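As annotated by Swiss-Prot, Mn(2+) 1 binding site applies to Asp95, Gly96. Annotation source Swiss-Prot lists Mn(2+) 2 binding site at Asp95, Asp307, Asp353. Sequence annotations record features per position, and here Swiss-Prot assigns compositional bias 'Polar residues' to 376-385. Under the heading compositional bias 'Basic and acidic residues', Swiss-Prot lists 424-434. Look at Swiss-Prot and you will find 60-362 tagged as domain 'PPM-type phosphatase'. The annotation region 'Disordered' is assigned in Swiss-Prot to 369-394, 421-443.
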Amino acid sequence: MGGCISKTSWSNEEPMHRPCLGMGCCGSKMGKRGFSDRMVSLHNLVSIPNRIIGNGKSRSSCIFTQQGRKGINQDAMIVWEDFMSKDVTFCGVFDGHGPHGHLVARKVRDSLPVKLLSLLNSIKSKQNGPIGTRASKSDSLEAEKEESTEEDKLNFLWEEAFLKSFNAMDKELRSHPNLECFCSGCTAVTIIKQGSNLYMGNIGDSRAILGSKDSNDSMIAVQLTVDLKPDLPREAERIKQCKGRVFALQDEPEVSRVWLPFDNAPGLAMARAFGDFCLKDYGVISIPEFSHRVLTDRDQFIVLASDGVWDVLSNEEVVEVVASATSRASAARLVVDSAVREWKLKYPTSKMDDCAVVCLFLDGRMDSETSDNEEQCFSSATNAVESDESQGAEPCLQRNVTVRSLSTDQENNSYGKVIAEADNAEKEKTREGEQNWSGLEGVTRVNSLVQLPRFPGEEPKT
């Protein structure tokens, strides 16, 4: 993946197989209709059970997002349980940037999981036999080899599905008639939990971590994904080979950015992203970093979050917050609340970034009982769009867990009325926020984009 891959050889055609979504669609009378005809619809997605995209909780997870002080909340998130069978869960966090970043993030949130399912079944159909079949237990060496081979096969299938679905997603964004992605894009950190197997696909600087216990039952933080930023040597080398430029501005020397060869724009603060087609010929790619991990009984939970969290909280601090939460249903919100406090303490003159958090508990259980106050803040119903919860008093956070770090080597055509209403609501909240921060003359600490590019022959805007 070291070359410039703005043009790929993958087919433009999307497979039309019918994956089982845990909805009884397999074997239905709709067999002759394409999968995308039945599923890639916002209204149909809303009706899918065990899929949440707004602040709330599910059987084994909780998710929460809060708008920052930069404008419309450009973060999106999803948890989809019973994704293809009872033991499969899909989770994702998508951080948008640029003028239409919020729309890109939501489009990817809605479309990428469907593409992943469709392509997985397309690949599986060529392999013969159902995914997830395991060799029967046996003490013989042959049985162990068969199971190992099956694990490798499953790993290969998921990797190919991740690679092809990310590629198909980026192609759809490029050709989308109503979604301008030339200077807008989004990150994606996505995971599939299938039994004890964890499959991860990541682009950009959103991150996934694992909260686990060591031999002394102390909590440790394991980073599962690499922040794919331009300062990584392999990323910088690819970008430079494609004539893109990588450097940091004088007033933020710690933030390396990607620039066009002929203009000091757009200054993208990540090396891989969906969209951002102004840079796709100059080394920015949408190929995910794929990884696989076998979970153990010591592994407790997984946290996915946008960089608005990681800019101010360490992996250990996030694990500490989740592990010490008195209610699992409130864990994601507690992480966001902690990040908000840290933004105010560390960068009082900066505009806080959007924050989005997904917490997936690996034992599959949430709280047995939930207080009335929590029920008001967290809805288990499936939501069409994310909404900002009304903020009450900040919860008291009792930290009684010591956490160590364990490092790893793995570095549509229409959105319709629903999206329009969401945008109007968010814009109203943005205006209110701007009034509250009207006296702030500080700078935004880290913008994903510095400015929009000007191309030869284009008149400068005055």
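Any Cβ shown, glycine's included, is placed from N, Cα and C.
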Problem set entry | CB contacts for Asp307 (Mn(2+) 2 binding site) [other CB atoms within 10 A, all chains] | 25
Seminar exercise, completed: Within 10 A of the CB of Asp353 (Mn(2+) 2 binding site), the number of other CB atoms across every chain shown is 27
Exercise. 10 Å Cβ neighbour count around Asp95 (Mn(2+) 1 binding site)?
Worked result: 30
Problem set entry | Per DSSP, three-state class assigned to Asp307 (Mn(2+) 2 binding site) | helix
Exercise. Rounded to an integer, what is the Cα-Cα distance in Å between Asp95 (Mn(2+) 1 binding site) and Asp353 (Mn(2+) 2 binding site)?
Worked result: 10
Exercise. Over the domain 'PPM-type phosphatase' (60-362), what is the model's average pLDDT?
Worked result: 93
